[in-house]
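Note sheet for the following structure.
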């Protein structure tokens, strides 16, 4: 389950990522990295108002008093009568009274008139007359553009009418007006953003042009496997089949084999030619058919073509006479693919099958451990990492990720003694494996959580010394500068450096977009998110990025229509 970003468990923050990243203005540090929380300009509402349903009409039900009632008084009286009917569940009569109030109210009494329209909309809502709700709320908002009840009621009706775009704009305005204090409106925004993201990603991902990741990403991906035959370098010199071992291939590169040519292209980092050469091997029924299927499937996964990868993986898995290492590796990759497709049960089944057929394959336990972290099954993850370490004591990556799992367990459980034990574990890992960049990176995230910013910065510097072409490290270091020193310029410089190193680093574009939203540069933010969308490696990741982009676009519309903007950096 190798990835360009540290794993992020499904549970954790109670706030949706779009809100953290955009509407509150919080750069996301993936993994357990702490965030620079927006804590300015928050409007305080009463506790009862924050989470309550907005279902009741407005205004007192008591009749107005005083001699010689004028038009406004008569209108208020009709509204009050309507309120009584509403509370009694007599919505048809309530609508008639609110309609009378609207007819009686002088046109220049905009505030009262907007209330009458909003009350009638509330009655229409009870009768599920969604078009009428939208019409009346629109009248109310035109008279009072910052009318929270009318905006939110219209948002809910628009959702019912499947008008997600305008629903999102209305609920975004509500979130800003309420300073993100009402859980109900935030949940609706999150729901609509996810639906929009999934719809757009499904269409875009299906029709996207395959895109090969950067060489840095590909090398990082393969480095996460130790028992993967296809990632091992070619052995020079001809050997008989029975003399092959699991650590490499035995034939000369000059042999007429599409697979061996593909392996040569892999060593040369000429990745674009690998799939076609593997296809030649498969179509010719060559001696390396199983290896070619697995290598082709792997590169299909890398370019985001899961549809092409799955049949190849299925074939390898079902080849009972194939090398066990090949079948186990195919199961790991198919399991990781299922997890990207949000099918955790099928993913777990594949990893368990891999463990059954190849009990001493360290990769199975290492990658299943990462799966367990994603599923927030930390104790099981630690057990898998222990098994991996038992099989390969020199596996620095598994040692570091075990510490990460233990740290997450201690951090979420608020156990300071266990947190310290995990931190001591990180110190031990970087002492024993001083060339493991991942150890420094994960330790840096834990240090950031503990607000030990200076030491976290040192750890990121160690990462950069070891892997100067790892763009993700520069992104994390940039985010650290924002949280630690509130140094926006330095943070942006580091993220720009990441893009300079790897112009296919979607995480860098996503983070840059997040920061530009905080700065109020919404058009630039949307441009950054669109670049990240074009680089997304899975439909799920693309859906998330569309959610961020749609949230930014909704803010531009809210700013244009109502002059509303959240606080900026």
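Going from the start of the chain as shown, residues are counted 1 onward.
From the backbone N, Cα and C atoms, a Cβ is placed for every residue, glycine too.
Which of 233-255, 256-278, 279-301, 302-324 counts as region 'Disordered' depends on TrEMBL, and there it is 233-255.
Within the listed segments 2-40, 41-79, TrEMBL records region 'Disordered' for the stretch 41-79.
Broken down with DSSP, the repeat 'TPR' (75-108) shows 27 helix, 0 strand, 7 coil.
With a cut-off of 8 Å between Cβ atoms, the residues of this chain six or more beyond the repeat 'TPR' (437-470) that come close are 6, 29, 31-34, 216, 220, 396-397, 399-401, 403-404, 407, 411, 419, 422-423, 426-427, 429-430, 476-477, 480, 483-485, 501-502.
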